[in-house]
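**Student:** Got a structure here, written out as structure tokens. Questions coming.
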Amino acid sequence: MKRNVAGALLGALLASCSGGRDEAGDGNWTLYGLDSAEQRFSHLEQITPETVGRLGLAWSMDLPAQARSLQGTPLAIDGVLYFSTSPSKVYAVEAATGKQLWEYDPQAGIQHPRVLRTSHQGSRGIGYYKGAILLASLDGRLISIDCKTGKPRWIVNTIEEADSRKVITGAPRVFAGKVIVGNSGADFGTRGYVTTYDAETGRKLWRFYTVPGDPAKGFEDKAQEMAAKTWTGEWWRWGGGGTVWNGITYDKELNRIYIGVGNSSNYNPAQRSPGGGDNLFLASIVALDADTGKYVWHYQENPREAWDWKATNEMILTQMDIGGEKRPVLMQAAINGFFYILDRRDGKLLSANKYAKATWADRIDLKTGRPVEIKNARYEDGPVTMYPSQLGAHNWQAMSYNPELGLAFIPILKQPGTYWTTPEKAKEAESFVLGVKHYEFALGSRFSLAKVEPDDGTGGLLAWDPKTGKARWTVKYKTGWNGGTLATATGLVFQGDAAGWFHAYEAGTGKELWKFDAHNGIIAPPITYLAGNRQYVTLLVGYGAAAPDDPGWRFGKHLPRVLTFVLDGKAKLPATPPPNPPLEIFDNPAFKIDPASAARGRDLWLRNCSICHRPGGGTANWPDLRESAMAHDYESLRKIVKDGALAQLGMPQFDELSDQDIHDINNAVYDYSRKALRGEKEDGTTRLF
């Protein structure tokens, strides 16, 4: 297909005239998805299938271990690269050389040391508006940072509830002089919303709630009143959920904002809404007026959501010829395994095809828009194993779209899960009430990863034709949790994988044309831009987040890093150990383990620690406590866990634990260490998976 050169030039001119520089066209990457349609489709032409073999490292930058899993999309503006890391730090470096210009640390851990436990602490990106970087910090602040000085221009708190469990890991989206942010925390008893601010001043403009609140207090708008009719019982006591932590897309043509709404709180619909109901707007795509935030339409992917399946994946906008009519459409490769195409004008479902293995439903009824679920899909008659797991067939790792080829490039995951219900104890139920220091992860249901077929747990890159609802080609990886994608008009697709390889494929065929060993796992998407008239490709490298697999990357031993490539680049990476480096177990032979204390400590560990520190070993995100001298020392452990001494480094505070609890955990640390020294293995079980 030939490109419309005149249209591309006109688009570039319009972009250059925009005060917010909100579209691609000048060689910069100023928006999260490159353009407002979030296609991640670059028109730069220096790197082609013919030249990509010459791509080499221009520079690299190793970051502190506390930067952890790097998930974000950098921005490249006028020769400067900006990117965010855990927990909410922002860096500015020269795009062509990697020379650091400044860094900004909002000290999110010190501000709210307890809430750190609700998140993997990643940052998926930042925004840009008129000489300022817009950061949504983990603790809920929206911060405008001067691009030249690295100093804040203004700061607003987007999370106004006292003792909230909300955090922000998603990227703010900038549109038409405004900036919109959502939040995370549906798994911990919260009520979701998005808020829009004036991008220049930080003045609050409007807010939209994704689930209704307590009817006795009145509804914020008619949409909440409508949604409340789909809930029963006292759902508001448990928050409802529905946080918007990833997918947000601006429609310039229709002046609308589309938000992808998250999962329920709590998970079990029989507990949160015992009288039935679809529970709007959980697991829904919702269209809002961009100026007022007023509800326009919605489409719910999973009515009465029960699986931790959200509609939070990225939403790409394009035009598509359907039935002889050119329609403005929204596309989403949903977590539940179906690829949805909606008419952006009214939310009408146009198609929904399985793009990956999904056994929970036979199909989506196009007349009703509802899934035709299999028997016991809701595990009401006992545990059920089906595809996909709670991690989905595709998660937040960004897909891209080449409108010239009509192909979407989707990071996919083949992983079944087992689902079952659980009765909750009174203490656990109350843990979903704000103000209670102790809080559980999710309630009402438990999910675990399963193994049904030999290739379960693997992943790949799928080239999907949305119009035909069929795959064009697939590249398979041994691990399932891989990076986001970038498509180019020259016919390339870039993606990194969990094993640390950064690939370039031919977009039409999937043929690998180039790869580079990053020596650490990749989950972030790459970007490309111009600096000094040369085209660069930049990628954040650092494994983790909710990764279900373990490629062997270890905290402190495989540092997060930034890699930037250019044609004929000659730089070399620093020496890096291979995956699965030898353990260096700490032990004090004089310490005598109290078996009863260690048993209590193991239970406390599973409830409080194992979401990060797995009993069976370390991860890319967090230290292996069997190697930590501080974790083996009671006083040090108490200061870290109870007092929050390492909050600024991302270690949450657990001030509700007693001194006896710390003593028991200390015994459990020794127990795990001694078992490792004896060569005994732990299963690494956590309450999460």
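From the backbone N, Cα and C atoms, a Cβ is placed for every residue, glycine too.
Reproduced below are the annotations present in TrEMBL:
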BINDING   ARG124, THR169, GLY185, ALA186, THR243, ASN395, TRP396  pyrroloquinoline quinone binding site
BINDING   ASN263, ASP308  Ca(2+) binding site
ACT_SITE  ASP308  active site, proton acceptor
DOMAIN    596-673  domain 'Cytochrome c'
BINDING   CYS609, CYS612, HIS613, MET651  heme c binding site
**Student:** Across the domain 'Cytochrome c' (596-673), what is the average pLDDT of the model, as a whole number?
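**Tutor:** That stretch averages a pLDDT of 90.
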**Student:** Distance between ASN395 (pyrroloquinoline quinone binding site) and HIS613 (heme c binding site) at the Cα atoms, whole Å?
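**Tutor:** Here the two Cα atoms are 23 Å apart.
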**Student:** Using Cβ atoms only, which residues of the same chain lie under 8 Å from THR243 (pyrroloquinoline quinone binding site) while being at least 6 residues apart in sequence?
**Tutor:** LYS166, GLY182, ASN183, SER184, GLY185, ALA186, THR190, GLY192, THR210, VAL261, GLY262
**Student:** Taking Cα atoms as reference points, which of the binding-site residues ARG124, THR169, TRP396, HIS613, MET651 is nearest to ASP308 (Ca(2+) binding site)?
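**Tutor:** Sorting the binding-site residues by distance from ASP308 (Ca(2+) binding site), the top entry is TRP396.
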**Student:** In the domain 'Cytochrome c' (596-673), how many residues does DSSP assign to helix, to strand and to coil?
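**Tutor:** Final tally across the stretch: 46 helix, 0 strand, 32 coil.
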**Student:** Counting distance between Cα atoms, which of the binding-site residues ASN263, CYS609, CYS612, HIS613, MET651 is nearest TRP396 (pyrroloquinoline quinone binding site)?
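**Tutor:** For TRP396 (pyrroloquinoline quinone binding site), the closest Cα among ASN263, CYS609, CYS612, HIS613, MET651 is found at ASN263.
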**Student:** According to DSSP, which kind of secondary structure is THR169 (pyrroloquinoline quinone binding site) found in, if we only use helix, strand and coil?
**Tutor:** coil
**Student:** From the centroid of the CB atoms of CYS609, CYS612, HIS613, MET651, the recorded heme c site, which same-chain residues not already listed sit within 8 A by their CB, in sequence order?
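**Tutor:** Apart from CYS609, CYS612, HIS613, MET651, the close residues are SER610, ILE611, TRP622, PRO623, LEU625, PRO652.
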**Student:** About how far apart, in whole Å, are the alpha carbons (Cα) of THR169 (pyrroloquinoline quinone binding site) and CYS609 (heme c binding site)?
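**Tutor:** Their Cα atoms are separated by 20 Å.
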**Student:** Specify the count of other C-beta atoms within 10 Å of the C-beta of ARG124 (pyrroloquinoline quinone binding site).
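**Tutor:** ARG124 (pyrroloquinoline quinone binding site): 24 neighbouring Cβ atoms within 10 Å.
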**Student:** Measuring CB to CB from CYS609 (heme c binding site), give everything in the same chain under 8 Å that is also at least six residues away in sequence.
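**Tutor:** Once residues fewer than 6 apart are set aside, CYS609 (heme c binding site) is near LEU625, ILE665.
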**Student:** In Å, how large is the greatest distance between any two Cα atoms among ARG124, THR169, GLY185, ALA186, THR243, ASN395, TRP396, the listed binders of pyrroloquinoline quinone?
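**Tutor:** That value is 18 Å for the farthest Cα pair.
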**Student:** Going by DSSP, give the three-state secondary structure for ASP308 (Ca(2+) binding site).
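**Tutor:** Reduced to three states, the DSSP call for ASP308 (Ca(2+) binding site) is coil.
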**Student:** Reduce the DSSP letter at ALA186 (pyrroloquinoline quinone binding site) to three states and note it down.
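**Tutor:** Where ALA186 (pyrroloquinoline quinone binding site) sits, the three-state DSSP reduction gives helix.
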**Student:** Whole-number answer please: how many Å between the C-alpha atoms of ARG124 (pyrroloquinoline quinone binding site) and CYS612 (heme c binding site)?
**Tutor:** 19
**Student:** Name, in the order they occur in the sequence, the residues of the same chain whose CB lies under 8 A from the CB of ASN263 (Ca(2+) binding site) and which sit 6 or more residues away.
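**Tutor:** Correct list: ALA186, ASP187, GLY241, GLY242, LEU282, ALA283, GLU305, ASP308, TRP309, LYS310.
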**Student:** Far apart in sequence but close in space: which same-chain residues, 6 or more away, have a Cβ under 8 Å from MET651 (heme c binding site)?
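**Tutor:** Looking at Cβ-Cβ distances below 8 Å from MET651 (heme c binding site), excluding near sequence neighbours, one finds GLY109, LEU116, ILE640, GLY644, ALA645.
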